[in-house]
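As structure tokens, the structure follows; a few thoughts come after it.
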């Protein structure tokens with residue numbers, strides 16, 4: 001990535017790369033269970049207040065997670081692609097989710113610890129460090145999944161426990 | 001805290017204590033703007049699907065954030081107290097929020113880096129390390145704030161941008 005600079009951290013750190021990956025994949029496991037909790041039709045159609053159906057939200061998360069980690073690992077610029085064409089059933093979405101899980105593990109292993117404080121430009125446009133960018137991806141998933149919880153409650157469906165990872 | 005053990009990290013870490021505090025306080029600033037975006041009445045009364053009104057959710061976050069950090073810093077066991085009595089207006093809730101912001105900064109400064117991998121029992125009952133516990137507090141805030149975004153959209157109110165910290 002062209003904006004990447006070598007930037008050695010000056011402070012001791014408290015969360016390891018392994019901690020952060022474990023944390024994210026545990027969240028991704030919970031998000032998978034939230035997808036599963038939606039009835040097929042409502043996954044693609046139900047919404048509140050003009051917001052996107054949960055399937056659309058998941059396509060955003062799929063467009064960010066694995067491509068985002070691949071971009072960091074390889075230093076290439078990825079395009080954001082939220083095209084739903086390839087995923088018009090819950091089963092297909094879950095398959096894409098599982099594929100992304102493996103891709104994230106694969107490319108994460110290629111990011112050396114010392115790169116986490118490096119400045120990058122995610123998807124060619126979002127400035128941050130590797131660590132702040134990854135935290136953003138995780139937070140964005142939690143944020144949108146929280147919306148999915150409200151959709152499920154509004155549909156009278158009990159969502160998975162938030163603390164169960 | 002009685003269950004605390006000394007547990008030296010065996011891996012290099014990638015997020016500093018300062019990164020993590022900055023990250024959390026930036027999220028807390030966004031949560032404050034979400035509170036502000038609610039009309040007074042709806043803050044205390046509006047809900048979807050039998051979930052709590054946003055004021056109740058905020059009282060949970062207030063019960064966790066500053067007391068949780070104080071507990072980690074001092075090694076004392078805190079009680080979860082979500083009593084709304086002291087905060088029956090938006091103004092009072094915002095004042096409690098700002099007080100918590102200062103308390104978190106104050107006690108965070110008393111947590112040495114090497115403690116973040118220590119095992120603790122948060123609020124006497126939730127097992128984790130210091131870092132996993134703090135991440136849980138942050139994630140819990142993002143999760144519930146995401147619910148607040150849906151409430152605002154359902155009320156026809158544009159929420160603050162998620163990426164604006």
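Here, residue 1 is simply the first one shown, and the rest follow in order.
The backbone N, Cα and C atoms fix where each Cβ goes, glycine too.
Feature list (source: TrEMBL):
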- A:144: divalent metal cation binding site (BINDING)
Exercise. Taking the Cβ of residue A:144 (divalent metal cation binding site) as the reference point, list residues of the same chain whose Cβ is under 8 angstroms away and which are at least six residues distant in sequence.
Key: A:57, A:60, A:61
Self-check item: For residue A:144 (divalent metal cation binding site): DSSP state (helix, strand, coil)
Solution: helix
